[in-house]
């Protein structure tokens, strides 16, 4: 929103800046978000599961190994990213890793207030820095990158303070930082769905941009096509924003159900999943209605260009129609994470966030011969992903209920 409002002196410059960010965002989503979340979201549920088993030693090892793998990932990115990206991304990636790792580990032990505080620090500092660097100092698009680094630095400092000050459930020792490759593989298995979040958004952005460029009835350099690309990229961001409250409930419940899984509390496990589904359904329904009603006002937050507002608002209404179906997939994937079915969890989330949308977008664009199929595909894809999620739930239901496991006296 700050880029669409302040990155330029005219409406046309701001629209071009927003379109540029829409074209470049897949790099951030795939490389930074996708790679960072595989250990961040893999460590949290695994940590909660072993806390439920009262296995303090393994719990410590999980925290230590999560930090170690984040450092190794940061080193790898520091070598690879300068070859293809601006050096600014190197610092951004290392801070991103630690920010999400500490946040997910906090949730893993049930420290919800500390986890929430960390994300609030990151969000507030990002907003303040964006306003100062883009609006007051007029640095431009690069100011958004600098503000992100400032926000992540503050969040990482708070996260490391939480674990160093011994406010966590276990105290990490230096020996726990030595990689245990069996644990690392388990974390990667559980964290696949986390990686999918980043990869899906990046892949979806690329697909949407290509569909618009290929099926647009206007030249690629025209104002109409530029507005459509800017609107599409903003809608992908808007989808992610609409997903935040739903995903927050999933992140909140995964620590609880992972603990219940480790403690063999299977009835409580299923009850927590039901509460998760109901909460997500109510939230998604409210968010969908609000977005449908205030589509034009939300479009104006991104850019004031009339073409952009017309395309964005209509596309947002298409997206809002089916958003109430997203709890079918979004309440299932944390349950699959908690029982160690990382691949199934990742596929359910990938199908909902990316695969179904791209398939339906291609079919609709192909038969309509215009780019509106990109926007009209969202409700159909949401229904398709809900059907797939229900099939996965029926397949893994007995495992989640503990029927296929040895009976444990609670």
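Glycine residues also receive a Cβ, built from the backbone N, Cα and C atoms like all the rest.
Automated prediction, rather than curation, is the source of TrEMBL annotations.
The transmembrane segment annotation in TrEMBL covers 71-99 (among others).
Positions annotated as transmembrane segment by TrEMBL: 111-137 (among others).
Among the features that TrEMBL reports, transmembrane segment is placed at 143-164 (among others).
Here TrEMBL flags 190-212 (among others) as transmembrane segment.
Taken from TrEMBL, the feature transmembrane segment covers 240-260 (among others).
Among the features that TrEMBL reports, transmembrane segment is placed at 272-295 (among others). When Cβ-Cβ distances below 8 Å are used as the criterion, the transmembrane segment (272-295) is approached by residues 238, 242, 245-246, 249-250, 253, 256-257, 260, 312-314, 316-317, 319-321, 323-324, 326-328, 330-332, 334-335, 400 of the same chain, each at least six residues removed from its ends.
What TrEMBL lists as transmembrane segment is 315-336 (among others).
Proximity of distant same-chain residues to the transmembrane segment (343-364), defined by a Cβ-Cβ separation under 8 Å and at least 6 residues beyond the stretch ends, is recorded for 189-190, 192-193, 195-197, 199-201, 203-204, 207-208, 211, 326, 329-330, 332-334, 336-337, 372-374, 376-378, 380-382, 384-385, 388-389, 392, 396. Here TrEMBL flags 343-364 (among others) as transmembrane segment.
Within the chain, the transmembrane segment (376-396) has long-range Cβ neighbours (under 8 A, six or more residues past its boundaries) at 239, 315, 318-319, 321-323, 325-326, 328-329, 332, 335-336, 339, 341, 344, 347-348, 351-352, 356-357, 359-361, 363-364, 368. Under the heading transmembrane segment, TrEMBL lists 376-396 (among others).
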